[in-house]
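So that you can see what the record holds, here are the features copied from TrEMBL:
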DOMAIN    55-131  domain 'GHMP kinase N-terminal'
BINDING   P79, L80, A81, R82, G83, L84, G85, S86, S87, S88, S89  ATP binding site
DOMAIN    192-267  domain 'GHMP kinase C-terminal'
Amino acid sequence: MKIRIPATSANLGPGFDSCGIALSQYLNIEVVESTDQWKIIHSLGSDIPSDETNLLIQTALKLAPNLTPQLLKMTSDIPLARGLGSSSSVIVGGIELANRLGNLNLSQKEKVEIATKIEGHPDNVAPAICGDFVVASYVEGEVHSVKHHFPMCDVIAYIPDVHLLTSESRSVLPNSISYKEAVQASSIANVMIAAILNGNLPLAGLMMEKDRWHEAYRKKLVPHLDQIRTISREIGAYGAYLSGAGPTVLVISPEEKTDQMVEKLGKLPYSATINVLSIDQEGIQVF
Ligand code: HSE
């Protein structure tokens, strides 16, 4: 059995802790054979455990404590701690592993609920499970989510060669904002979502750049965000936003502008990887 889970990009600017898209980079897990002890063969570095303490197995055992240990192979092209949902992909993979090996028969809705409760937010795990574009809420223990088609476009990921932990990136957020600001921030998010549903990426991109919930507070951690926005406007991409908690910035681009964007982004004075991706429409797959 092989399980494939997509990378994800959360927030889309004003859809903070709520909106996310699935992307065409993947975590792959292969179940090789039953063994005496859990073991994962991977080449993700010595910081990632290869035994039962790995988040993948911990998650699976949380759901099904009596699973027979397995030898697993894991490969991933989702960079770690960069705002592309690497840990969410592992949590979602662990849930699917328990679902299949333990015959739990979980529905997609149940998987989204369990993953959200483990991860704490739905905006990465829900698109990793459902694919495409997902809008979700997690309030007072209740999880609700809606999947919808994201309009055709390229997604350019500007991935700085530095880690930024979600905890660090959340530590700079305020404890409260005023009622007036919250109403404005919510209206911007509402228009962005409605524009995506309408297939209107120029308007969606405009609203993506008007977030009032988190990006202004995080700017000091991600100095490249404003520079990327300037380039995106010059070239005529739809918009750019901080992917999840950062440091990756995603540019939503019409296909014909992508080469120009990549060339200009490559000239910024940072060490970074630039990947041209597309939206993954399927979410988690089991082969
Ligand atoms: N929405 C989260 C944040 C990221 O921006 O901190 C993933 O849950």
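Each Cβ is built from the backbone N, Cα and C atoms, and glycine gets one as well.
In TrEMBL, annotation is done automatically, which means it is predicted and not curated.
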| said: Give me the sequence-ordered set of same-chain residues, not including P79, L80, A81, R82, G83, L84, G85, S86, S87, S88, S89, with a C-beta within 8 angstroms of the centroid of the ATP site's C-beta atoms. | reply: A7, I78, G244
| the domain 'GHMP kinase C-terminal' (192-267): DSSP-derived helix, strand, coil residue counts | 44 helix, 9 strand, 23 coil
| field | Site with most surrounding Cβ atoms, counting all protein chains shown within 10 Å, from the binding-site residues P79, G83, G85 | value | G85
| task | For each of the binding-site residues (S87, S89), count the other CB atoms lying within 10 A of its CB, then report the residue with the highest count. | result | S89
| Proximal but sequence-remote residues of the same chain as A81 (ATP binding site) (Cβ under 8 Å, at least 6 apart) | H163, L164, L165, T166
| So what's the mean pLDDT when you look at the domain 'GHMP kinase N-terminal' (55-131)? | 97
| Of the residues in the domain 'GHMP kinase N-terminal' (55-131), how many are helix, strand and coil by DSSP? | 43 helix, 7 strand, 27 coil
